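Enquirer: Straight out of Swiss-Prot:
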- D21, I22, N23, R37, H60, Q61, G62, R63, R117, R157: substrate binding site (BINDING)
- E332, G357, G358, D359, T360: ATP binding site (BINDING)
Amino acid sequence: MAIRTLDDLAAANRAIGVRVDINSPLTAAGGLADDARLRAHVDTLAELLAADARVAVLAHQGRPGGDEFARLERHADRLDALLDAPVSYCDATFSTGARDAVADLAPGEAVVLENTRFYSEEYMAFAPERAADTALVDGLAPALDAYVNDAFAAAHRSQPSLVGFPEVLPSYAGRVMEAELDALSGVADTPTPRTYVVGGAKVPDSVEVAAHALSHGLADNVLVTGVVANVFLAATGVDLGRASTDFIHERDYGTEIARAADLLAAHNDALHLPVDVAVERDGARCELSTDALPPAGDEAVCDIGSDTVDAYADVLADSETVVVNGPAGVFEDDLFADGTRGVFDAASEVEHSIVGGGDTAAAIRRFDITGFDHVSTGGGAAINLLTDADLPAVAALR
């Protein structure tokens, strides 16, 4: 069954529950440190409000016990500033207070309901039919006429707010969800040569992306960066030194070294590994050829080197499509930002360009790189879609 979108929804004067992902970094004082995720959902919310819908926003923020576990009042205030429509806040999610807040909305008004993760059900994975019986869905659904899921970044999860409402309400994909599915599901239809850039510190995810792309003929080239590159270098027998080797084994990435070796044996011509790396020496960036490794003492490999950036830029210049997943180094540190900035700058010049979410999107914002066709809002969800893994929240919409 095809997923319905906002094009199929008659929204006027109807109460629409909209699940978004506005989980954002907070300042020490509890304010919003970055509103990128809120901005991502503005088009969906604005379209519904312009159509005179009465919008109830559902979202989560942080985890219990964490510094960023907070009420959504500040999120409501920010959405009120971003949208050309009134947005209020309700400190309830599915109780009588929440239902009354929805009932009191005039057409073209929105209310942000309280953090769904204040309730234990949102920490449990449910089959959709079981999710429909939870207190959250059972309590709030009677106040709603329809449900819109725009939370692609949470689509790999199966909590009640994501998979329960489609069991009991007409349900639709929002504009963020629609754009993400179109972009990330359509990689096989993009022009070739097609190059994947994999990096970051989430090694199993990136290795899986590379393996899937290579085994399914999606990638003509895979440029390996970040901690992922360290794992691949280790698979070729390169001694990374004590610090980087310990980092790999402390995270139980030893099995990924074996998997990298298998990929190199099967797809050596398509895989591109760094020829030089960067470490910190006497407070400065020091670049070393991979032939000159291991580095001295406790020096850790924290970035790819400039020769690698140049080599990867040449591959990207000959590519028609690029899929980027993961930064090339510790880009938050100016000493080790060059690799990520250089590779991402080159990738942004490719005719067709798709970027995974999470740290990749954060790096793009940090370096103010423009030109990418699609920058995903999702980390784990983007990985699942790029590897054909399950997305329960998407399946629930079908």
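Cβ atoms are placed via backbone N, Cα and C, with glycine included.
How buried are these features, and what lies next to them?
Expert: A coil conformation is recorded for G62 (substrate binding site) in the three-state DSSP classification, outside any helix or strand. Cβ neighbours of G62 (substrate binding site) (same chain, under 8 Å, six or more residues apart in sequence): N23, L26, E68, F69, A70, N115, R117.
According to DSSP, T360 (ATP binding site) sits within a helical segment.
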Enquirer: Non-local Cβ contacts of D359 (ATP binding site) (under 8 Å, 6 or more apart, same chain)?
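Expert: Same-chain residues close to D359 (ATP binding site) (Cβ under 8 Å, separated by 6 or more) are G200, A201, G326, P327, F331, G379.
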Enquirer: Excluding D21, I22, N23, R37, H60, Q61, G62, R63, R117, R157, please set out which residues of the same chain place their CB within 8 Å of the center of the CB atoms of the substrate site, keeping sequence order.
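Expert: Checked against the 8 Å cutoff, the neighbours are S24, A59, N115, A154.
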Enquirer: Secondary structure at D21 (substrate binding site) (DSSP, helix/strand/coil)?
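Expert: Reduced to three states, the DSSP call for D21 (substrate binding site) is coil.
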Enquirer: Taking each of the binding-site residues N23, T360 in turn and counting other Cβ atoms within 10 Å of its Cβ, which one has the fewest?
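Expert: Fewest other Cβ atoms within 10 Å, among the binding-site residues N23, T360, is found for N23.
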Enquirer: Give the distance between the Cα atoms of G357 (ATP binding site) and D21 (substrate binding site), rounded to the nearest whole Å.
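Expert: About 13 Å separates the two Cα atoms.
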Enquirer: Taking only the binding-site residues E332, G358, T360, which one has a CA atom nearest to the CA atom of D21 (substrate binding site)?
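Expert: Nearest in space to D21 (substrate binding site), counting only the binding-site residues, is G358.
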Enquirer: Can you name the residues of this chain that are 6 or more positions from E332 (ATP binding site) yet have a C-beta less than 8 Å from its C-beta?
Expert: R366
